[in-house]
Each structure stands twice: as structure tokens, then as C-alpha cells.
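Single-structure report; data block below.
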Amino acid sequence: MRDFARGDPSASGAPRPDPLGLAFDAAREAAARGEVPVGAVVVRDGAVLAVAGNRPRADRDPTAHAEILAIRAACAALADERLTGCDLYVTLEPCAMCAGAISFARIRRLYFAAGDPKGGAVEHGPRFFNQPTCHHAPEVYGGLRESEAAALLRDFFRDRRS
Ligand SMILES: [Zn+2]
């Protein structure tokens, strides 16, 4: 047993998920497909509802960011247009589009790994959740496993240039 053995009385013997770890796995899978390596996971009450990696190239869809795909899949799983009580884990600071979707989805908490000074919209750029036109802001926890996330992106873009 690994460290997820720490007891959760609600768990029926199932291992506790490591949502950010799953998001990193999805990001690496995206990189292997030639997509920018970003992964996202939606969790509610300790259960993983959706895991997604970036797919704009594969889907020929500029909106197919990992966060959007994970939110769509979680909404489908819950048959609900809102993800009340759900938390989103993502390997990179969300962009403006995804920050908007996170707000509309009523995500409770946002956990992200690396900040994105070039494209992020949470701690950078528009700082969407701080705007008066944003009507639901999640609790935000950034900088988790930041160096690992930054290395993932750096390696991806270095390999593409070479
Ligand atoms: Zn995005």
C-alpha cells in the first residue's frame, strides 16, 4: 500500500485518487500526441469524475483545452450543467476561456501547478476571477508541483524546436 492508505471512512476499500498526478499523466499523454502538455481532472467527494488532456490539434477545435473537456465530461457524468462542490486540478494556470468556463461551472476549488505568465488568466493577464463581471470565483491554490509542470512544458517546446 502506498500513502493513500491513510484512512478515509467513506472509501469502500478503494485507493484514494491523486488528482494532480492523474492530471500530469493526462498532460504527458497529450504531449505524446503532439499537443501542448496540459491535463485536467474534476473531483467531487474524493471521486474522480473526469480526466482530460489537451486535444485542440486532434479535434481541430481551439476550445478543446483540457479544462473544457474535463468540465464537459464531468457535467455529462453528473447530468448537470453545474459542477457545484467539484474541484478542478490542472497542470497549468488556466487561460481566459477556461477561467470563464470554471466560473460558469461553479467549480468550488481550483488547484493548478505551473503559473502561465504568457497565457494565464488567474494570476496573470485578466485575472478573471477578480473582475466584477465574474459572478462565481473558485478558491484558488496555485504553484503545486510547479517545477515538474514547468519542466514538462519546457521539454515539450524544446523537443518541438529541435
Ligand atoms: Zn484554456
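The first residue you see is number 1, and the count goes up from there.
Note: Cβ is positioned from N, Cα and C throughout, glycine not excepted.
Automated prediction, rather than curation, is the source of TrEMBL annotations.
Quick look at what TrEMBL annotates:
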type: DOMAIN; residues: 14-123; note: domain 'CMP/dCMP-type deaminase'
type: BINDING; residues: His65, Cys95, Cys98; note: Zn(2+) binding site
type: ACT_SITE; residues: Glu67; note: active site, proton donor
Any idea which of the binding-site residues Cys95, Cys98 has the thinnest Cβ neighbourhood at 10 Å? Cys95
Same-chain shell around Zn(2+) excluding His65, Cys95, Cys98, C-beta within 8 angstroms of the CB centroid, reads Val38, Ala66, Glu67, Ile68, Pro94, Ala96, Met97, Ala99, Ala101, Ala121
Let me make sure I understand the structure: which of the recorded positions listed (His65, Glu67) has the fewest other Cβ atoms within 10 A of its Cβ? His65
Which whole-number mean pLDDT does the model give the domain 'CMP/dCMP-type deaminase' (14-123)? 96
Cys95 (Zn(2+) binding site): secondary structure state under DSSP, collapsed to three categories: coil
